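If you look up Swiss-Prot, you'll see 484-511 marked as coiled coil, on the strength of sequence analysis. What Swiss-Prot records for CYS203-CYS216, CYS318-CYS380 is disulfide bond. Swiss-Prot lists 65-224 with the feature region 'Spike head', giving sequence analysis as the kind of evidence. The feature region 'Spike body and stalk (antigen domain)' is assigned by Swiss-Prot to 248-479, with sequence analysis given as support. What Swiss-Prot lists as region 'Hydrophobic' is 389-409. Under the heading region 'Spike foot', Swiss-Prot lists 510-776, citing sequence analysis as support. Swiss-Prot lists ARG101, SER190 with the feature site 'Binding to sialic acid'.
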Amino acid sequence: MASLIYRQLLTNSYTVDLSDEIQEIGSTKSQNVTINPGPFAQTGYAPVNWGPGEINDSTTVEPLLDGPYQPMTFNPPVDYWMLLAPTTPGVIVEGTNNTDRWLATILIEPNVQSENRTYTIFGIQEQLTVSNTSQDQWKFIDVVKTTANGSIGQYGSLLSSPKLYAVMKHNEKLYTYEGQTPNARTGHYSTTNYDSVNMTAFCDFYIIPRSEESKCTEYINNGLPPIQNTRNVVPLSLTARDVIHYRAQANEDIVISKTSFWKEMQYNRDITIRFKFANTIIKSGGLGYKWSEISFKPANYQYTYTRDGEEVTAHTTCSVNGVNDFSFNGGSLPTDFVVSKFEVIKENSYVYIDYWDDSQAFRNVMYVRSLAANLNSVMCTGGSYNFSLPVGQWPVLTGGAVSLHSAGVTLSTQFTDFVSLNSLRFRFRLAVEEPHFKLTRTRLDRLYGLPAADPNNGKEYYEIAGRFSLISLVPSNDDYQTPIANSVTVRQDLERQLGELREEFNALSQEIAMSQLIDLALLPLDMFSMFSGIKSTIDAAKSMATNVMKKFKKSGLANSVSTLTDSLSDAASSISRGSSIRSIGSSASAWTDVSTQITDISSSVSSVSTQTSTISRRLRLKEMATQTEGMNFDDISAAVLKTKIDKSTQISPNTIPDIVTEASEKFIPNRAYRVINNDDVFEAGIDGKFFAYKVDTFEEIPFDVQKFADLVTDSPVISAIIDFKTLKNLNDNYGITKQQAFNLLRSDPRVLREFINQDNPIIRNRIEQLIMQCRL
């Protein structure tokens, strides 16, 4: 059968040379990277401690988290939190007005039973009984006395996981924190002459203004944010706060350091970012009532604007990440309105905008440090898209809005059709806004986010204003330009080729002859015969097959096999990665576990549709593992793929891996599977629809989910090439014998060919629907 190609790829897709895997890991790893480049660093990574950056105006901006500072004695200013970060137990801070208030804070490690300890507090040895019964949290205790030689009392305590504490002078009181993280709260002690209270810190500390008290509370409860700098973080003396800072202009170039061949230049720039979204709307074949996909795609935009009297030409590329897939299914009839998938960006999504302009700042964006940006927010509101149905009122997808807020900046490379541009990538987090979006004339209403249908709402572009600053290592000779790191546009060219190839593949669906397709689906296609129609295949057969298998290893089908084998402990102990598809077929425990899981689901989920859908998602693997004589969906999928490869004028060895992988995932998305028990047939689709009926009369009977799960474990699973509705329609209009019904239920290819050769319109229409579902 033609589906042999998929089974062959599943079996062999994990056979990858170690060197290839090491190279792949090295080229794709993008997380948990530690950077310590030092001066004149040659690195493509930017610092990721995203602060407000350099503020290039006349406004003085107070830092949110100032420090860390070394232990010392000083008189902290009023209305400033002193955030203490101790590392060892003991006295961490003392404060007194030398009149009637002596306050100290002690840190006690976890799991300490009640015991006497000696502490030196204000220069006096004090005996205190302390305890901390928590197994994992540290305990801060305030000890207070009202005279220099008086007795000490213990007061409000704080149980803390982050091991942070804070003190502030405000409104004639000393404020501290109490309670238990992550729900710690502020408390206070009244004191006279509070503004003259001197504090002695015995650990590193930070300064936070009272205006940012909410952030201070967040740090107390959850810990300090991760910090990554180009150099080690070393606590400074508090006198460092008195250093005079020279303010920079909004647009200027500053020489930081210079040698004979290299110099460090600081570039400060105002920036105007204009961008737009792009989308793809794909309509399914058939009568015109169904849409297969509405999705975002990257959008390039070129424009000019004036900066300090100079005209600047800029180029942006807007892309999205973390999209949410929505769908609407109005029914299974050919005239029912269906949108299989439309993408929406929400608060869990990100928008990336790559920016480049022709100014001096971007001539040598190769070796960069101290990269920072300060950008405004922007609101993006969706428009309306009319689903033009052949008959009836048109549904309209309308509304939706999100706001974009700056969340970081790093280096990137934009690929255009002619040149690569070293640029800055601005990352934006999203917040959903009013209005909501809805699909009119349906029950899809009051949903939030920005759909891909009309994200620009008729606007030519969205605009964001802001500033950025960076220090770049550049040649001392201004006439020399450092080479761009990625000077070729291989991936961009490949994406363009794939886009054109997908359009060609989808158009070729109309040219496939069904009788030839059935014959081709019966052939045992392997990798060589599948790709034999491609030019240069024989010369590059080995490398191309390896590339196909490496790409296929990441496909949804391969991941389904891995997930199944990993999740079933009984089967996983005896299944190796290389033979997973064979082992699943012979491992009864793997499919018995499906039945067990369905029993568990039925106790918590009352919907039969949900349960059958859960089983059906694994039936493709079950069917492939227990191959029968009947034809299956993967046979048709592989046959259509082979036919389109042979007919295509744009296919090449470079695009084959992506096309084969996409075909395995996207061809025939609406599948149904059946199991036969004597004269009873149980049929379920991955969309949750299910039927149970008699073979001879096609009369529906109650659907027993548990029995269906048990049959899946013990019986062959068959692709419902001719589904129940088509069979019933065929029987009602033409009448079929019980033997013909059995043959069609088993997807017997000979019987299918007979009906097609007889030009039976019902069977031909069903096969045409399956072919039209073979889209990329």
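Keep in mind that glycine also has a Cβ here, set from the backbone N, Cα and C atoms.
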Separation of alpha carbons, CYS203 (disulfide bond) and ARG101 (site 'Binding to sialic acid') (Å): 22
Integer Cα-Cα distance in angstrom, CYS203 (disulfide bond) to SER190 (site 'Binding to sialic acid'): 25
Secondary structure of CYS203 (disulfide bond) (DSSP, helix/strand/coil): coil
Same-chain residues at least 6 beyond the ends of the region 'Hydrophobic' (389-409) whose Cβ lies under 8 Å from its Cβ atoms: 46, 48, 50, 287-289, 294, 335, 337, 342, 344-347, 349-351, 371-383, 424-442, 447-451, 453-454, 464, 466, 468
Three-state composition of the region 'Hydrophobic' (389-409), taking helix and strand from DSSP: 0 helix, 13 strand, 8 coil
Of CYS203, CYS318, CYS380 (the disulfide-bonded residues), the residue whose Cβ has the fewest other Cβ atoms within 10 Å: CYS203
Residues near CYS216 (disulfide bond) in space but at least six apart in sequence (CB under 8 A): TRP81, LEU83, ALA166, ILE208
Distance, SER190 (site 'Binding to sialic acid') to CYS318 (disulfide bond) (CA atoms, angstrom): 55
DSSP three-state assignment (helix, strand or coil) for CYS216 (disulfide bond): helix
Same chain, 6+ residues apart, C-beta under 8 Å of the C-beta of SER190 (site 'Binding to sialic acid'), given in sequence order: GLU172, LYS173
